Amino acid sequence: MQSFRQYRRMRRDLQESIKLHGPYAAAGDRHVQPTDDILEDADDARLEKGIHSMNGHGQSPYSTPGIVLHDGQRVTVPGVNLRRASEICERVNTKTLFIVGFDGPDDQLNPKNWSIGRKWATLGIVGTTGMLVGWASSIDSTVIKQGQEAFGVSEVAESLATALFLFAFGFGSLVAAPFSETVGRNPVYIATLSILMIFTMASGLAPNFGAQLAFRFLAGLFGCTPMTTFGGSMADIFDPMDRTYAFPVCCTLSFLGPFLAPMVGAFIGQSTHISWRWTEWCTLIMAALVTGAIFLFVPETYGPVLLQWKAKQLREITGDPRFMAEIELRQTSLVTRLMHSCSRPFHLFFREIMVALFTMYLVVVYIVLFGFLTGYEFIFGRTYGFTQGSVGLTFIGMNIGFLIAFAMVPHIYFSYKKRLQNAIENGHNGLPPEERLWFAMYGAPWLPISLFWMGWTSYPSISYWSPLVASVAFGFSVQGIFISTYQYLIDTYELFAASALVSATFFRYIAAGAMVIVSIPMYGNLGVHWSLTLLGCISVLMTPVPYIFYKYGHVIRQRNKKTP
C-alpha cells in the first residue's frame with residue numbers, strides 16, 4: 001500500500017516538475033518568448049543534428065539538461081542526463097538515451113534524504129523481520145520434549161526441526177541478495193514473509209515427523225531472505241557514518257529474536273492448557289503483523305528501483321521510450337547473478353585470510369550461542385532442577401547482555417566520529433577499517449571468560465545466579481564481536497562486501513544448525529563443565545583475531561588485490 005502511494009506520488013511530482021521546466025510552463029499561449037532553458041534545448045536539438053550551437057557556448061548535448069523528445073517537444077527534466085547508448089549497453093540501438101537519476105543531492109526521492117523520523121520508522125518496522133525469523137528459528141527448540149513424545153522419535157531427532165531451519169537459512173543466504181536488487185525490497189519482504197507464514201502453518205499442522213522437518217526446512221529457506229534484505233534496507237537509507245549506530249539496532253533485533261522466543265516457547269511447552277504446537281501459531285501471528293506493517297507503512301527504499309519507477313513514469317508521461325534507468329540496462333541476467341552470488345562467497349572464504357578468520361570467529365560464537373538452545377536444559381534444568389518454563393526464562397541474562405552492548409553504541413559512535421574528524425583535519429580521506437574493531441576488542445576477552453565462568457560455577461552447591469550473570473557477559477561479548485566483524489568486512493571489501501558477509505552468514509548458520517544436534521549428546525556425555533571448557537578453549541584461540549587485525553590489518557590489505 002505504501003509503495004503504491006509512493007509510486008502515484010512520484011507520478012504527480014514528475015508531472016508538475018516537467019510542466020514547470022517545460023517550454024510553455026509560464027503560460028498557456030504557445031507564442032510566448034522562449035526562455036534560456038528553451039534556447040539551450042534548441043541548441044541540443046541542433047547539436048544532435050550536427051549543427052553548431054546558437055549561443056556559441058559549444059556545450060556537449062551529453063552534459064546539458066535540455067531534452068528534445070521524439071515529437072519535437074522541448075523540455076527540461078531534473079535528474080536526467082543524455083548519454084550515448086554505446087557507452088552503456090551494446091544491445092541498445094538508439095543513438096541517445098535519457099538516463100534517469102536523482103534530481104540532486106537533496107532529492108527527497110532518494111531515501112538517504114528522508115527525515116530522521118521517517119528513516120527510523122522504516123528501519124524499526126523492517127528490523128522486526130530480523131527478530132521474527134530469529135524467533136522462528138529457535139522457538140521449536142523449547143518444545144523438543146513435547147515434539148518427540150508426539151511423533152515418537154528421539155530427542156536428538158526432534159532437534160532436527162531447529163537444525164534444518166538453520167541449515168536452510170544458510171543455504172538460502174547464498175541466493176537471497178540478487179532478488180531484492182532486481183525487484184526491490186518490498187516485494188521480497190511481502191512475498192517471502194507470506195511464504196514463511198504458509199510453511200509455518202504447515203509445520204504447526206504437520207501430521208508426522210517427516211512433514212514437520214520438510215516444512216521447517218522450507219520455512220527457513222524463505223525466512224532467510226527478509227533477514228538478508230533488511231540489512232540492505234538499512235544501507236539504502238543511512239549513510240556510512242549514520243550506520244555506525246543504525247547497524248547495531250539491526251544486530252540487536254536479530255539477536256533478541258532467537259533468545260526471546262525460548263522465554264515464551266518454554267512456557268507453551270510446559271502448559272497443560274494449550275498445545276505445544278502453539279509455538280508455531282505464535283510465530284504465524286507475529287509474521288502476519290510484521291507483513292501487514294510492511295505492506296501498509298514501509299515505502300520502497302532501493303534507489304535503483306525507485307529510478308526505474310521514475311523512468312517508467314517519464315516514458316508514460318512524455319511518450320518517449322528513451323528514458324531509462326541504469327538498472328534497466330543491466331546486461332547480466334538474474335541467473336548469472338545468482339551463480340555469482342553462490343560462488344563468490346566461497347572464493348573469498350578460501351582465498352581471503354580476513355574473511356576466513358572472521359568467519360571462523362563467528363562460527364565459534366554461533367556454535368556456542370545456538371548450542372545453548374538445547375544446552376540450557378543441562379545447565380539450569382538438570383543442574384538446578386528448573387522447570388521447563390524457568391529454563392526458558394534464564395535466557396533473559398543473555399538478552400540483557402545484548403542490550404548492555406547496545407547501550408555502548410553512543411560511546412562507540414561519538415568516539416568514531418571524533419577520530420574521523422581528526423583524520424579529515426589532518427588531511428586524510430577517512431579512517432582505516434581497523435578502527436571498526438574497537439567493539440570487538442572490548443567484547444572478545446569476555447567470550448572465553450564467560451564460558452569458563454559458567455562452566456565451573458554450574459554446581460548445585462553454587463547459586464544459579466553465577467552462571468546466569470556469566471550469560472550476561474556472554475551476550476555482551478557476542479554482540480560486540482558481531483557488530484565489529486560486519487562493519488569491518490563492509491569497510492574492508494566495499495564492492496565485495498555483500499559476498500564477504502554472505503560467506504560469514506552461510507558458514508555460521510550451517511555450524512549453528514549442526515551444533516543444535518551435537519550439543520545434546522555433547523552435554524550429556526561430557527557434562528556441563530567439560531563441554532563449556534572445550535568451547536571456552538576454542539574461543540581462546542580466536543580471541544586474538546580482532547587485536548591482530550587492528551595492528552596488522554593495514555599490512556594485509558596492502559597485499560590484497562580485493563581490498564582498497
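Backbone N, Cα and C define each Cβ position, glycine as well.
Proximity of ASN113 (N-linked glycosylation site) to non-local residues of its own chain (separation of 6 or more, Cβ distance below 8 Å) is seen for PRO105, ASP106, ASP107, given in sequence order. The N-linked glycosylation site annotation in Swiss-Prot covers ASN113.
Beyond its flanks by at least six residues, the transmembrane segment (120-140) meets 111, 114, 147, 161-162, 165-166, 169, 185, 189, 193, 196, 200, 216, 219-220, 223-224, 226-227, 229-230, 233-234, 237-238, 246, 249-250, 253-262, 264-265, 279-280, 282-283, 286-287, 290, 293-294, 297-299, 301, 370, 373 of its own chain at Cβ-Cβ distances under 8 Å. According to Swiss-Prot, the feature transmembrane segment maps to 120-140 (among others).
Annotation comment: Swiss-Prot describes 159-179 (among others) as transmembrane segment.
The transmembrane segment annotation in Swiss-Prot covers 187-207 (among others), and the record cites sequence analysis as its basis.
Under the heading transmembrane segment, Swiss-Prot lists 217-237 (among others). Long-range Cβ contacts of the transmembrane segment (217-237) within its own chain (Cβ-Cβ under 8 Å, at least 6 residues beyond either end) map to 111-112, 114, 119, 122-123, 126-127, 129-130, 132-134, 136-137, 164-173, 176-177, 179-181, 185, 188-189, 192-193, 195-196, 199-200, 203, 243, 246-247, 250, 254, 301-303, 501-502, 505.
Feature annotation from Swiss-Prot assigns transmembrane segment to 249-269 (among others); the stated evidence is sequence analysis.
If one looks beyond the transmembrane segment (278-298) by at least 6 residues along the same chain, the residues whose Cβ comes under 8 Å of a Cβ in the stretch are 1-3, 121-122, 125-126, 128-129, 132, 135-136, 139-140, 142-143, 186, 189-190, 193-194, 196-197, 200-201, 203-204, 264-265, 268-269. If you look up Swiss-Prot, you'll see 278-298 (among others) marked as transmembrane segment.
Proximity of distant same-chain residues to the transmembrane segment (353-373), defined by a Cβ-Cβ separation under 8 Å and at least 6 residues beyond the stretch ends, is recorded for 138, 141-142, 162, 166, 258, 262, 379, 395, 398, 447, 451, 474, 478, 481-482, 485, 488-489, 492-493, 500, 503-504, 507-509, 511-516, 518-519, 522, 535, 538-539, 542, 545, 549, 553, 556-557, 560, 563. Annotated transmembrane segment per Swiss-Prot: 353-373 (among others), in sequence order, evidence recorded as sequence analysis.
Listed by sequence, the residues of this chain that lie at least six past the ends of the transmembrane segment (389-409) yet keep a Cβ under 8 A from its Cβ atoms are 142, 244-245, 248-249, 252, 255-256, 259-260, 262-267, 269-270, 372, 376-377, 379-381, 439, 442-443, 464, 468-480, 483. Annotation comment: Swiss-Prot describes 389-409 (among others) as transmembrane segment, evidence class sequence analysis.
Marked as transmembrane segment by Swiss-Prot: 437-457 (among others).
Sequence-distant neighbours of the transmembrane segment (462-482) (same chain, 6+ residues past either end, Cβ-Cβ under 8 Å): 248, 251-252, 255, 361-362, 365, 368-369, 379-380, 383-384, 386, 394-395, 397-402, 404-406, 408, 439-440, 442-447, 449-451, 453-454, 546. Per Swiss-Prot, the feature transmembrane segment maps to 462-482 (among others).
Away from its own ends, the transmembrane segment (500-520) comes close to residues 141, 155-156, 159-160, 162-167, 169-171, 173-174, 177, 228, 231, 341, 344-346, 348-349, 352, 355, 358-360, 362-363, 365-375, 485-486, 489-490, 492-493, 531 of its chain (Cβ-Cβ under 8 Å, at least six residues beyond either end). Residues or ranges marked as transmembrane segment in Swiss-Prot: 500-520 (among others).
Summarising the annotation, Swiss-Prot assigns transmembrane segment to 530-550 (among others). For the transmembrane segment (530-550), same-chain residues at least 6 beyond its ends with a Cβ under 8 Å from one of its own Cβ atoms are 354, 357-358, 360-361, 364-365, 367-368, 371, 375, 378, 434, 437, 440-441, 444-445, 447-448, 451-452, 454-456, 458, 481, 484, 488, 519, 522-523, 556.
Same-chain residues lying 6+ beyond the ends of the transmembrane segment (249-269) with a Cβ under 8 Å from its Cβ atoms: 123, 127-128, 130-143, 145-146, 227, 230-231, 234, 276, 278-279, 282, 369-370, 373, 376, 388-393, 395-396, 398-399, 402-403, 405-406, 475, 478-479, 482-483, 486.
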